[in-house]
Amino acid sequence: MKKVFQMFDQGKTGYVECNKFVNILNTLGQAFDEDELKARIAENDPNQEGKVDFERFCAIVMPFLEEDDDEAMHEELKEAFRLYDKGGDGYITTQTLKEILKELDNKLTDEDLDGIIDEIDEDGSGTVDFDEFMEMMTGE
């Protein structure tokens, strides 16, 4: 973020002008709602100076970036789940999940894996649906 800030702080004043945020978000390839952007600018430039420092710059830009990251991660996890849900049944077996976890971290013991599975498969069904999978992968 510091590099992006510096790129738009051409005069090296330690501030970026508020009228550059549309250009900044476009440069970063971010979709955004103009009203939401205006509200964030107003919130972070309460004295209407027309410029913000690095901290306030981040407060304006970061929420737009985080939303995108969450959506991208959700899509990647959905795709990963689909790869292992070979029958298209909407679940994977706990055995398949153990294999995935073992691939991700080969230091996990069978005991560790059983503990993780017990925590995820709360109903003891021997299967994990997409919501349980998401919760495990994101902690949400």
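Counting starts with 1 at the first residue shown.
Yeah, the Cβs are placed from backbone N, Cα and C, and that goes for glycine too.
No curator has checked TrEMBL annotations; they are predicted automatically.
The domain 'EF-hand' annotation in TrEMBL covers 1-31, 32-67, 72-107, 108-140.
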Sort the residues of the domain 'EF-hand' (108-140) into helix, strand and coil with DSSP and give the three counts. 20 helix, 3 strand, 10 coil
Tally of residues which DSSP labels helix, strand or coil - the domain 'EF-hand' (1-31): 17 helix, 2 strand, 12 coil
